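Presented below is the structure to which this report refers.
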Amino acid sequence: LFEFADKYRGKYDSSITVAQKYYRSISGYNDELLWAAAWLYQASNNEYYLNYLGKNGDSMGGTGWAMTEFGWDVKYAGVQTLVAKFLMQGKAGLHAPVFERYHQKAEYFMCSLIGKGGRNIQKTPGGLIFRQRWNNMQFVTSASFLATVYSDYLASSRGSLKCAAVNVAPSELLSFAKSQVDYILGDNPRATSYMVGYGNNFPRQVHHRASSIVSFKVDPKFVACRQGYATWYSRKASDPNVLTGAIVGGPDAYDNFADERDNYEQTEPATYNNAPLLGILARLGGGHGGYNQLLPVVVPAPNPVVAKPKPAPKPKFTPTPATSSNPITIEQKMTTSWNAKGKTYYRYSTIVTNKSYKTLKDLKLSISKLYGPLWGLSKSGNSYGFPTWLNSLPAGKSIEFVYIHSTSPADVSVSGYNLA
């Protein structure tokens, strides 16, 4: 996909012209190409993408655009923040001068958020970031998410934010992000929660078709598309289905908000409102545990010591063969390693494959000698099973889970399953 997009450059709405009425690409495609390269490098450590960021940063605007917004169309601030992370990790190499320019623009954005930059982001009298009337909350949650992660990058590198006339502690960025979340959840002049279903005072007439129409469980009669609009859309009553957790567009530049279903600019929810907020809430919920967000990174030894490198532990299950009695294979491999505070950590990827011709259900895995966090499975008692979003595995398909600890691979085996 990246190769295709880079080779055949152009805006998607030039071919899908109907999108111009709703989601027109004003910023063009250069920010998306840099954004994709940054994330592909983050995911793969493939030097091709790092070199792409270095060679194209100036010509494609990554180092030139000084941003005061971050959203679905304009992603430069996100690119600049992620590339600044690579610089702090010591990964820039020969591209360090270019990456430093990305870094400077990331700092410009962060300083503008907290009102200490050369051109500051507009805020409502109540303190909420304000970019535009139509679904302003997307810019609030996205910018606050960047402030949250950048705060952790600075804290991890023991650095500070360098604004126009003052150095700012990383904690100030995190506090700013928290202030935006507090506003969203009700700490604002209207005492309104802009998360549906949270608190006592939240939007009751959300611009959302499924929320505004009666539930099938309450009235199973068929509701046609036009009937849903004609009969239900114009009702002034509260939503029959509460869209719990949705973040709506939010107030105007003066903290005013009209809870009316046809006021789509303020009452429409969107996935790009909620997605960044999850990251912020996860970080705020984690407290101040001193997370190092720059790992993995090679920490230089205090003295030049020449020593034979320690070989990585070899996975024990690579792979477990499938048999008629156990038609499930388990393959483990180490994907990366890093040093921190004198200890070597390993990230293991484990692939579980259904080799049978039937659907695999009720999978139970036994995992012992695990001494770190694990992602991609749900735990019940002493065994692990499918993650909550998956309840079966079709024939021939695989799932992956990963874990990190500082020793040899864990012992993974199948303790139970059903085939249907």
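Heads up, the Cβ atoms here are built off N, Cα and C, so glycines get one too.
Features as listed in TrEMBL:
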ACT_SITE  H207  active site
ACT_SITE  D259  active site
ACT_SITE  E268  active site
DOMAIN    328-408  domain 'Carbohydrate binding'
Separation of alpha carbons, H207 (active site) and D259 (active site) (Å): 10
Secondary structure composition of the domain 'Carbohydrate binding' (328-408) [DSSP: H/G/I, E/B, coil]: 0 helix, 52 strand, 29 coil
Inter-residue C-alpha distance, H207 (active site) and E268 (active site) (nearest angstrom): 5
H207 (active site): tally of other CB atoms within 10 A of its CB: 21
Overall pLDDT of the domain 'Carbohydrate binding' (328-408), taken as the mean: 91
Number of other Cβ atoms within 10 Å of the Cβ of D259 (active site) across all protein chains: 16
